[in-house]
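The domain 'Major facilitator superfamily (MFS) profile' annotation in TrEMBL covers 38-481. Summarising the annotation, TrEMBL assigns transmembrane segment to 39-62, 82-104, 111-131, 137-157, 169-188, 194-215, 277-298, 313-333, 340-360, 388-414, 426-446, 458-477.
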Amino acid sequence: MMEIQNHESRRLLDAEYGEETGVRSEQDEYLDKVKNGKLYLATFAAVLGPLSFGFVLGYSSPAIPELSTITDPRLQLDKEEASWFGSIVTIGAAIGGLLGGWMVDKIGRKLSLMFCSIPYIFGFTIIIAAQNIWMLYLGRVLTGLASGVTSLVVPLYISEMAHERVRGAMGSCVQLMVVTGIMGVYIAGMSLDWRWLAICCSIPPTLMMVFMCFMPETPRFLLSQGKQREAEEALRFLRGPDAPAEWECARIEDASDDQGGSFGMADLKDPGVYKPLGVGIMLMLFQQLTGINAIMFYAETIFEKAHFKNSDVATVVVAATQVVFTAVAALVMDRAGRKLLLIVSGVFMCLSTAAFGVYFKLSSENHGNSSGLCLVESPLAQNPAADLSWLALSSMGFFITGFSLGWGPIPWLVMSEIFPTRVKGFASSVCVLTNWGSAFIITKTFQNLMDLLTSAGTFWLFSGCCALNIVFTIIFVPETKGKTLEQIQARFKGTPEQLSYNRQT
């Protein structure tokens with residue numbers, strides 16, 4: 001058995017590093033015959049989930065100002081309640097991450113996606129019908145639960161469907177649709193009240209449930225369940241009639257034999273498990289330590305503090321910037337590679353958050369105010385520092401650009417690529433729990449951080465975290481561009497062939 005496993009690892013590594021083998025040439029010939037039309041269709045159906053996810057994330061920004069001034073005392077939010085309304089969604093998302101990890105292993109990727117549309121729809125329905133603050137909270141928790149499942153399942157579904165030539169672009173569509181949803185809800189919030197906004201937000205998950213009825217389960221999950229015929233049919237659907245689906249199916253099966261079995265705690269001693277798990281956890285932690293969710297949840301308030309009277313327009317511009325540069329990242333992902341984009345992204349964010357800290361420091365010195373963000377008008381808003389407003393706007397623009405190019409889409413993409421099939425449910429749920437757990441802590445304590453460290457100190461803290469994520473990327477994150485999932489997973493095992501390759505290069 002050990003000889004068989006070593007042979008399989010050698011075959012995958014030879015293919016990975018471009019040696020002139022029959023396997024590699026067969027792979028190229030196979031991919032040349034692939035037609036991607038139905039793969040794009042299945043990806044579109046799946047990313048309606050992240051679009052809904054974006055609506056959930058962005059909903060609090062236009063809704064909080066309206067709910068803070070609403071005449072109905074049963075629904076009116078004070079400062080603390082508004083903070084909970086913005087951050088409680090992350091509690092639901094953390095729970096959803098754990099639930100999603102169980103669901104993908106038990107009922108599959110496709111059914112998990114279909115079922116997660118239910119709490120989206122029920123959550124927004126409860127918000128629409130809300131008669132008190134607790135109903136608002138319940139609706140946010142349910143939509144957060146669905147978001148947590150979505151953030152785990154959709155990257156897995158896409159990565160297991162897509163082949164290596166387009167997997168980076170397809171995987172980046174997850175974050176692209178998230179930011180498109182955020183921008184959509186910001187724009188709609190300029191003309192719709194909070195109830196009609198919730199009605200609009202319930203449309204994408206409804207469409208996702210319908211469209212996913214006609215999409216296949218992923219071939220890798222079907223093979224893990226011993227359903228070879230169904231896996232070949234799914235591959236024929238995804239690759240087109242000209243590509244020999246049996247060849248890819250056999251290749252996946254060979255690697256699955258090496259990775260076979262179900263997950264047990266003893267697997268955590270396997271370098272093919274604990275190494276990618278460590279990378280995945282740190283990527284998710286560093287993504288949140290950039291401060292992105294804190295910034296986006298309170299985007300309008302940040303711009304009010306930065307002296308922009310039309311803060312709702314400013315946040316739409318920020319969201320549009322996210323959409324444009326996430327689309328750019330999707331286009332170049334399979335050419336530039338994940339690692340380079342993460343480094344460039346980290347540099348952009350490190351410099352821009354430092355510059356934003358300088359802006360708030362100079363503003364506090366000019367106007368004698370160093371307090372944190374407030375949900376009410378501050379003395380700063382009455383004395384706009386026109387000479388420094390360009391610094392705030394450019395800093396925010398560069399931050400969003402940097403995040404969208406790398407640390408927005410890539411952690412989710414890499415998470416979906418690096419884990420063996422038998423541990424994907426467990427490992428992905430740990431990563432999602434890390435992401436959303438840290439998101440809750442950061443968004444809930446953001447106001448406290450601003451009060452404790454001042455606005456400038458908080459952004460300098462985020463800048464330091466961005467510097468750390470650059471170092472982490474250079475040392476620990478592998479390049480997954482152009483490799484099959486099986487090749488990526490073989491790399492983490494640290495086989496003698498891998499060491500030989502490192503010596504040669």
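Backbone N, Cα and C atoms are what each Cβ position is placed from, and that goes for glycine too.
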For this session: State, in range form, which of 137-157, 313-333, 340-360, 426-446 has the highest count of Cβ pairs under 8 Å to the transmembrane segment (82-104).
Result: 137-157
For this session: For the transmembrane segment (426-446) and the transmembrane segment (313-333), decide whether they are in contact, meaning at least 3 CB pairs lie under 8 A, counting pairs 6 or more apart in sequence.
Result: no
Problem set entry | When counting Cβ pairs under 8 Å to the transmembrane segment (458-477), the leader among 111-131, 169-188, 194-215, 340-360, 388-414 | 340-360
Exercise. How about the transmembrane segment (111-131) and the transmembrane segment (169-188): at least 3 CB pairs under 8 Å, pairs 6 or more apart in sequence, or not?
Worked result: no
Seminar exercise, completed: Spatial neighbours of the transmembrane segment (169-188) not adjacent in sequence (6+ beyond its ends, CB under 8 Å) are 39-40, 43, 47-48, 50-59, 61-62, 154-155, 158-159, 161-162, 197, 200-201, 204, 296, 312, 315-316, 319-320, 322-323, 326-327, 329-331, 333-334, 404, 408-410, 412-413, 416-417
For this session: Grab the same-chain neighbours of the transmembrane segment (39-62) for me: Cβ-Cβ under 8 Å, and only residues 6 or more beyond its ends, written as numbers and ranges.
Result: 85-86, 89, 113, 116-117, 120, 140, 143-144, 146-147, 150-151, 153-154, 157-158, 161-162, 166, 170, 173-186, 188-190, 194, 197-198, 200-201, 204-205, 207-208, 211-212, 214-216, 237-239, 293, 296-300, 312, 315, 319
